[in-house]
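Noted in TrEMBL for the protein shown:
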TRANSMEM  51-69  transmembrane segment
TRANSMEM  89-110  transmembrane segment
TRANSMEM  117-136  transmembrane segment
TRANSMEM  156-175  transmembrane segment
TRANSMEM  187-206  transmembrane segment
TRANSMEM  226-249  transmembrane segment
TRANSMEM  279-298  transmembrane segment
TRANSMEM  318-335  transmembrane segment
TRANSMEM  347-365  transmembrane segment
TRANSMEM  381-404  transmembrane segment
TRANSMEM  416-437  transmembrane segment
TRANSMEM  443-462  transmembrane segment
């Protein structure tokens, strides 16, 4: 079924040291390509099963995002059902970025053992985490601890589902499909988080002052039962995905789809040295990590942010849902465009972050309507939040492809692991401060346009390069 390890011969790189990227790689690759016989066969075969592999990985990423964002959209109901405090709610969201602390261990596993082992371990952690949340106990203190433990285990699955998309696309897809595959695999995690905005508020009623029954013990028990229904459903979905992955998820295709997929890569230690000494990479990494980390933290407590402007839990859920869904659709479309017209990644990012800066400024000023006198309506809140989500979320796969192109031949998993680690650290710091300043959130809104503007300036100063694409084009010709 393709689940076994490939042979030693299959694991050997098809390109020798003379064709591997490195100092002076462009000239060596050009000379080596000119020396190849005209009829020499090169790597470039793709397999139909690549779409099944992409589907399984994308479903796993979807489930991880769904489980991570379970509590944010229904936090008011969770407070009443389980007695969660403001610190508990923030910590439930914080388990996502905390799960990235052992990120580099997962990236080492991906680099050394491949996709199958890493994905199986990730899905198994998710099974344990979602199962832990479903343990039936009557003691609310113990139940809260089990829920926190489950969220922590699900957070540990984050490094794989967030970082491995470019590795999967390079391993299985040809050069003219890589950006699209990266977008699908990376965007499904965001789509899972978006569905949590939809599923939670629609299934679980929000406690409010309109009905006295909501204050009764029977009403609290009803809300708790509905929350546990959601938890059991998520556990079932994760178990199905784990079973499918265990049955079929090959580590790599029999033959590589491109020259870049077959070429030698740097070692784990040398990769970190290359990344930390590359100023261009550090510049574009900050351009990604700061605004995406701020936006992820902001989205996780969107319900809390919109409460002062009298937006209900259901409306906040719909705003979060459509902002992420729009970002996923536009992100995949942008990636497909990048596959057709290569060498345009920087221009695409400049356009996206120009829109993100304008829309985030619009949202922040709208929330200050007592000073700015801008109309504060459902339409303006929907429009500004959705546009912000579209521009920022759709930039993720474009950033991932640009990272890999910039530092190639550093392995894709290590490259994306570093930048997503930074992004989650920014997100974690913001959420930590939020636990102490949750009564005043205007400062959080101002972080959005500030981070987007900073990223726009960094992208503008960035000098792009396409080392991996150049290798594919030159050697395969």
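From the backbone N, Cα and C atoms, a Cβ is placed for every residue, glycine too.
Note that TrEMBL annotation is computational and uncurated.
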For the transmembrane segment (381-404), distant same-chain residues with Cβ under 8 A (at least six beyond the ends):
165-166, 170, 178-179, 182-183, 186-187, 190, 281, 284-285, 287-288, 291-292, 295, 299, 302, 306, 309, 311, 318-320, 322-324, 326-328, 330-335, 338, 345-346, 348-349, 352-353, 355-356, 359-360, 362-363, 366, 410, 412, 415-416, 419, 448, 452, 464, 468
Counting only residues 6+ away from its ends, which parts of the chain sit with a Cβ under 8 Å from the transmembrane segment (156-175)?
44, 46-47, 50, 53-54, 57, 60-61, 64-65, 68, 96, 99-100, 102-103, 106-107, 110, 115, 118-119, 121-123, 125-126, 129, 181-182, 185-186, 189, 252-253, 256-258, 260-261, 397, 400-401, 403-404, 411-413, 415-417, 420-421, 424, 468-469, 472-473
Sort out the residues at least 6 away from either end of the transmembrane segment (279-298), same chain, that have Cβ-Cβ distances under 8 Å to it, and list them.
93, 96, 305, 349, 353, 356, 388-389, 392, 395-396, 399, 402-403, 406-407, 415, 418-420, 422-428, 430-431, 434, 444-445, 447-448, 451-452, 454-455, 458-459, 461-463, 465
How about long-range neighbours of the transmembrane segment (443-462): same chain, 6 or more residues beyond its ends, C-beta under 8 Å?
280, 283-284, 286-288, 290-291, 294-295, 297-298, 301, 305, 346, 349-350, 353-354, 356-357, 360-361, 363-364, 367, 388, 392, 430, 434, 437
Top stretch among 89-110, 226-249, 318-335, 347-365 for CB pairs under 8 A with the transmembrane segment (187-206)?
318-335
Taking the transmembrane segment (117-136) as reference, which of 51-69, 89-110, 226-249 has the most Cβ pairs under 8 angstroms?
226-249
